[in-house]
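Peer 1: Quick one: structure below, then a few questions.
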């Protein structure tokens, strides 16, 4: 009968601790990748709201999908989720997400500005163009990091290369 807890008990996590666990750290939020991802999330959400309120509401799925994708990647990078799951090629997945988002945002923004005359459609188009620039900047940075990684011979660790050399030497002796 006495199972009711006191309001100040330490068993339940505080609201502040839960909020801090979900939000990105200040270090990540001020990094270049963090600022780009936060910009992508914010611009996608604003574009989503503008498209939802406009005559071009048929395009609302584009910013919604990009908002959810950017939010997932922001969460994955800020909580180091990507470091725990090495099976996914996170930089390549992020690169493809940014390339497709920038192309689709560009096309949808052109259509929203040229075919619709209401102010919210034009605002959605303008925010779509800004989102296009942010996504394009992100995929350029990811591309440069991937190119640098591949130039350094990324993928094969020194011990794997040594084992392959030993295997190739043993094949030559058997002839």
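Cβ from N, Cα, C; glycine included.
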Peer 1: When TrEMBL marks a stretch as transmembrane segment, which of 60-77, 78-95 is it?
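Peer 2: From TrEMBL, the annotated transmembrane segment range turns out to be 60-77.
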Peer 1: Have a look at 35-54, 155-174 and point to the one annotated transmembrane segment in TrEMBL.
Peer 2: 35-54
Peer 1: For the transmembrane segment (60-77), which recorded stretch in the set 35-54, 98-117, 123-143 gives the largest number of Cβ pairs separated by under 8 Å?
Peer 2: 35-54
Peer 1: Residue list, the transmembrane segment (35-54) vs rest of chain: Cβ under 8 Å, 6 or more residues beyond ends.
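Peer 2: Contacts of the transmembrane segment (35-54) (Cβ under 8 Å, skipping residues fewer than 6 from its ends): 24, 29, 60, 62-64, 66-67, 70-71, 73-74, 77, 101, 105, 112, 116, 118, 120-121, 123-124, 127-128, 130-131, 134-135, 137-138, 141.
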Peer 1: Can you tell me which parts of the same chain pack against the transmembrane segment (123-143), counting only residues 6+ beyond its ends and a CB-CB cutoff under 8 A?
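Peer 2: Result: 32-33, 36-37, 39-40, 43-44, 46-47, 50-51, 54, 56, 59, 63, 66, 91, 94-95, 98-99, 101-102, 105-106, 108-110, 112-113.
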Peer 1: Per DSSP, what is the helix/strand/coil residue tally across the domain 'MARVEL' (28-147)?
Peer 2: 103 helix, 0 strand, 17 coil
